[in-house]
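> As listed in Swiss-Prot for this protein:
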{"type": "BINDING", "residues": "C64, C67, C70, C114", "note": "[4Fe-4S] cluster 1 binding site"}
{"type": "BINDING", "residues": "C74, C104, C107, C110", "note": "[4Fe-4S] cluster 2 binding site"}
{"type": "DOMAIN", "residues": "55-84", "note": "domain '4Fe-4S ferredoxin-type 1'"}
{"type": "DOMAIN", "residues": "95-124", "note": "domain '4Fe-4S ferredoxin-type 2'"}
Amino acid sequence: MFPMLNGFMNYGQQTVRAARYIGQSFMITLSHTNRLPVTIQYPYEKSITSERFRGRIHFEFDKCIACEVCVRVCPIDLPVVDWRLETDIRKKRLLNYSIDFGICIFCGNCVEYCPTNCLSMTEEYELSTYDRHELNYNQISLGRLPMSVIGDYTIQTIMNSTQMKIAMDKSLDSRTITNY
């Protein structure tokens with residue numbers, strides 16, 4: 001009789017343990033219901049990039065003095081700077097400037113060390129093409145500013161998690177609680 005009683009007790013303990021595991025997993029599932037979805041519907045929804053995002057490089061031809069600092073600080077010597085020395089004014093004259101984004105590692109050294117700030121990072125990250133030679137941008141295509149994701153009315157913008165935290169902190173700071 002005792003072995004049968006022990007069998008029922010073991011069965012009861014196993015049932016309670018199984019119910020506890022099911023309850024724990026159900027609680028984990030319920031904790032995920034208030035979270036926002038991780039994925040977005042990409043062509044129609046775009047995530048807002050952070051302030052320090054390193055996208056395509058923007059180049060301003062008129063500011064460049066052809067000093068080639070960007071070439072020297074680039075880990076892969078990527079920017080191609082063509083210039084001619086004007087002997088009458090003893091200055092370099094920039095003829096052509098190009099960057100191949102198929103090779104660029106987007107480190108940002110060229111932007112950081114440029115003495116005239118003619119280079120800047122944009123928020124453009126859609127650089128995919130069918131031909132890799134289209135990724136070689138000259139001074140004309142580098143000079144075009146991309147349309148801002150926020151300014152495009154056909155696309156729904158979605159804030160990422162850090163931007164949502166910043167927005168929540170700002171809204172909490174702006175409220176004042178008074179007791180009457």
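Note: Cβ is positioned from N, Cα and C throughout, glycine not excepted.
Are these features on the surface or tucked inside, and what are their neighbours?
Its Cβ taken as reference, C67 ([4Fe-4S] cluster 1 binding site) is surrounded by 17 other Cβ atoms within 10 Å in the chains shown.
C107 ([4Fe-4S] cluster 2 binding site): 14 other CB atoms within 10 A of its CB, across all protein chains.
In terms of DSSP helix, strand and coil, the domain '4Fe-4S ferredoxin-type 1' (55-84) has 8 helix, 8 strand, 14 coil.
Listed as Cβ neighbours of the domain '4Fe-4S ferredoxin-type 2' (95-124) (distance under 8 Å, sequence separation of 6 or more from its ends, same chain) are residues 49, 53-65, 67, 69-70, 73-76, 78-84, 132, 135-139, 142, 145-146, 148-149.
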> Once the chains shown are all counted, how many other Cβ atoms turn up within 10 Å of the Cβ of C64 ([4Fe-4S] cluster 1 binding site)?
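Total other Cβ atoms inside 10 Å, all chains included: 20.
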> Rounded to a whole number, how many Å is the Cα of C104 ([4Fe-4S] cluster 2 binding site) away from the Cα of C64 ([4Fe-4S] cluster 1 binding site)?
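With the alpha carbons as reference points, the distance is 20 Å.
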> If you count other C-beta atoms within 10 angstroms, which of the binding-site residues C70, C74, C110, C114 is the most crowded?
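Highest number of other Cβ atoms within 10 Å: C70.
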> Quick check for the class: what is the C-alpha distance, in angstrom and rounded, between C74 ([4Fe-4S] cluster 2 binding site) and C114 ([4Fe-4S] cluster 1 binding site)?
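Between the Cα atoms of C74 ([4Fe-4S] cluster 2 binding site) and C114 ([4Fe-4S] cluster 1 binding site), the distance comes to 11 Å.
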> For the domain '4Fe-4S ferredoxin-type 1' (55-84), what's the mean pLDDT in this predicted model?
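94, rounded to a whole number.
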> From the centroid of the CB atoms of C74, C104, C107, C110, the recorded [4Fe-4S] cluster 2 site, which same-chain residues not already listed sit within 8 A by their CB, in sequence order?
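Checked against the 8 Å cutoff, the neighbours are I57, C70, V73, P75, I76, L78, P79, I99, I105, F106, G108, N109.
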